[in-house]
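Trainee: Mind having a look at this structure? Questions to follow.
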Amino acid sequence: NKSRKRRNRVSFLGVTTVEPPKPIPLTWKTEKLVWVNQWPLPKQKLEALHLLANEQLEKGHIEPSFSPWNSPVFVIQKKSSKWRMLTDLRAVNAVIQPMGPLQPGLPSPAMIPKDWPLIIIDLKDCFFTIPLAEQDCEKFAFTIPAINNKEPATRFQWKVLPQGMLNSPTICQTFVGRALQPVRDKFSDCYIIHYFDDILCAAETKDKLIDCYTFLQAEVANAGLAIASDKIQTSTPFHYLGMQIENRKIKPQKIEIRKDTLKTLNDFQKLLGDINWIRPTLGIPTYAMSNLFSILRGDSDLNSKRMLTPEATKEIKLVEEKIQSAQINRIDPLAPLQLLIFATAHSPTGIIIQNTDLVEWSFLPHSTVKTFTLYLDQIATLIGPTRLRIIKLCGNDPDKIVVPLTKEQVRQAFINSGAWQIGLANFVGIIDNHYPKTKIFQFLKLTTWILPKITRREPLENALTVFTDGSSNGKVAYTGPKERVIKTPYQSAQRAELVAVITVLQDFDQPINIISDSAYVVQATRDVETALIKYSMDDQLNQLFNLLQQTVRKRNFPFYITHIRAHTNLPGPLTKANEQADLLVSSAFIKAQELHALTHVNAAGLKNKFDVTWKQAKDIVQHCTQCQVLDLPTQEAGVNPEVCVLMHYGKWMSHMYLHLGRLSYVHVTVDTYSHFMCATCQTGESTSHVKKHLLSCFAVMGVPEKIKTDNGPGYCSKAFQKFLSQWKISHTTGIPYNSQGQAIVERTNRTLKTQLVKQKEGGDSKECTTPQMQLNLALYTLNFLNIYRNQTTTSAEHLTGKKNSPHEGKLI
């Protein structure tokens, strides 16, 4: 037994070999038998299955079986019209303990020393030349049924690795690896790559390569493996693992991407997976594939429809062009590798080089985990994995890392950036900023936004200070040298605050210090200048972040932004100023803004009705475009020698904003004591129209003792005098050419017309669709809201002697 365990050297083709590797047993999760019935097969497929089984039986790959295990077997016809036998091993795989992958990635052919001669071989039917452990064979039994059960079924079991078995790839790698280990031991100075059934040998001289290959042939045969004689490559160009290998250059094999099959998410996912696999050779920066990556966004259903956009089509064309022209280099095993980091658009690009020879490209993923990733952090994030990649390729850290930073910026990065400290941990090589002089990298689209230029980390001296605030009702405001309030559609306080900061950055073209009570917005604004913004399914948020970044980058002057806690009651000017900004978006201020937008009430009326300051009330009116254009300097309402009601009627000419139609005769009444006014739209100016107007006035103002009118026919008729007599009203008319009463009426007309125009053009009320409704809204504003010069109450309060307040009862 001991002699059997010792290495037993035998002679084969004149070369000393060792005992072949033994079969590798499987580990089972359970001892429970697995039996899946064989389904019926058509006669044609059944005949093909019998032929294939006999062929495998003759080759010794299967043997007759009486196993209590069974898996279904079937055949498929290949394009060549030949049949292929497959076994459905899903049920058996479920009870096998997985071994795990041994080669999680492809070996890089760039590590093959340049100018070394090569031989590449392919093992023939590798799975079928590797034996199963004897105790595992019965688990892979299958049945060939008979038509109509006219005879017993024929049963076989596999003696070699069956295709579709969970651990067949791992066992194949292990078995071939053990067969090649004596070759590696004896020819340690040769470079041997083994990936499944593909084997590449390189040696410094052709004689050394021949010796190595001769020994390898013997070891492969001794292990029971067979070399495919028609696939032996001994001259350039070599084809290995999808690459075309020459003496010094390596190129991707020429392929054409089919675009007509790209219809679903699954199609694009596979395409981009294949492109990503070859990108380290092609050198396509992340920014050049943004539109292709964007197609993967949206519905996660693999069958969800996707469309190839014109921009993405151009990017596929770029990939095809790179496949035709891209190349990397085989290395000099004695020279160290270096890492170059280029500040490309979107995210940095890494390049592994040796002297000036390109070895491999390195990129960051298109999407990030964090909402904002600083460009400096992206550089550090790229350096870390690329260092590990270089160690994986050659076993050593890069000799030098070249970055687009000055020595002082590198020093500051080590002090302030945690990502930088992690990415360059334990690095003992050189950090430089001098790039090699070569045209290889000139096509890269570089960015200048590496470190902040506009954003400052310390407060600016001799700069304006502006406080911002946003509310969940969509109102945003800032206060400082001037105040501004904006209504936005956002129902999030943070998004409203973001709009406030953007507005400040746009409005102040000078150095500024911004103080906000949103820590989230402050951090976002600090980082956004050089950050990669993570895509969000929220389009609204994407637009805000992109607008913030564009606004910051377009500025000509620096800014500083910091956070202040709201509602702390701390003493000092900062807290007070922040409260002032809060007040601008508070409920009282917002209600004042909304009322003015509806009615265009004057500043005194706003101050009287709401808990706002004079400055805030005036600012609301001054920021109204209608009130700025139409408001004239405030005049006193005029004085009449006696207290009475003045009446006037006249036809109003059609105004561009007032379409009165048939109701173009506006009758106006004004109380000389309170200046309370009442007006109605009528179709004429006869006595009947005057009486109708007065009854409307009585319903609002009550019945007056005196009425003063002009000498119009509607006021001098007997019918009108009889009407006044019934209501016990004294009537007088104005003295011709005496303007005391007439001036009040004319000013009232002008005030009413101006108010109507303002509300019609700039009011928020969409319900006032008829002339009388428009007139009533104007009268409500003038009587119940506005306060005029030298007055402390509204006209309605002056008339009744009571303070206006919301009605507490119900209108029935």
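Quick reminder: no glycine exception, Cβ is built from N, Cα and C everywhere.
Below, the features straight out of Swiss-Prot:
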DOMAIN    57-245  domain 'Reverse transcriptase'
MOTIF     161-164  motif 'LPQG'
MOTIF     195-198  motif 'YXDD'
BINDING   D469, E497, D517  Mg(2+) 1 binding site
BINDING   D469, D582  Mg(2+) 2 binding site
BINDING   H596, H600, C624, C627  Zn(2+) binding site
DOMAIN    637-803  domain 'Integrase catalytic'
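Are these features on the surface or tucked inside, and what touches them?
Mentor: The list of residues near the motif 'LPQG' (161-164) in space but at least 6 beyond its ends in sequence, with Cβ under 8 angstroms from a Cβ of it, reads 86-89, 93, 127-128, 130, 132, 140, 171-172.
When DSSP labels each residue, the motif 'YXDD' (195-198) comes out as 0 helix, 2 strand, 2 coil, counted as helix, strand and coil in that order.
Under the three-state DSSP scheme, D517 (Mg(2+) 1 binding site) falls in the coil class. The number of other Cβ atoms within 10 Å of the Cβ belonging to D517 (Mg(2+) 1 binding site), over all protein chains shown, comes to 22.
Sequence-distant neighbours of C627 (Zn(2+) binding site) (same chain, 6+ residues apart, CB-CB distance under 8 A): H600, N602, V621, K758.
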Trainee: Just how many other Cβ atoms lie inside 10 Å of the Cβ on H596 (Zn(2+) binding site)?
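Mentor: H596 (Zn(2+) binding site): 27 neighbouring Cβ atoms within 10 Å.
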Trainee: Are there residues at least six beyond either end of the motif 'YXDD' (195-198) with Cβ under 8 Å to its Cβ atoms? List them, or say none.
Mentor: 103, 106-107, 120-123, 126, 169, 172-173, 176, 240-241
Trainee: Between the binding-site residues D469, E497, D517, which lies closest to H596 (Zn(2+) binding site), Cα to Cα?
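Mentor: Checked the binding-site residues D469, E497, D517; minimum Cα distance to H596 (Zn(2+) binding site) goes to D469.
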Trainee: List the helix, strand and coil residue totals of the motif 'LPQG' (161-164) as derived from DSSP.
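Mentor: Counting residues per DSSP class in the motif 'LPQG' (161-164), I get 0 helix, 0 strand, 4 coil.
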Trainee: What residue among the binding-site residues D469, E497 has the most other CB atoms lying within 10 A of its CB?
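Mentor: It comes out as D469.
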Trainee: Starting from the Cβ of C624 (Zn(2+) binding site), draw a 10 Å sphere and report how many other Cβ atoms land inside it.
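Mentor: Counting Cβ neighbours of C624 (Zn(2+) binding site) within 10 Å gives 18.
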Trainee: Through the lens of DSSP with three states only, how would you label C624 (Zn(2+) binding site)?
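Mentor: DSSP assigns C624 (Zn(2+) binding site) to coil.
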Trainee: Could you tell me the C-alpha distance between E497 (Mg(2+) 1 binding site) and C624 (Zn(2+) binding site) in angstrom, no decimals?
Mentor: 23
Trainee: Let me know the model's mean pLDDT on the motif 'YXDD' (195-198).
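Mentor: Mean pLDDT across the motif 'YXDD' (195-198) comes out at 92.
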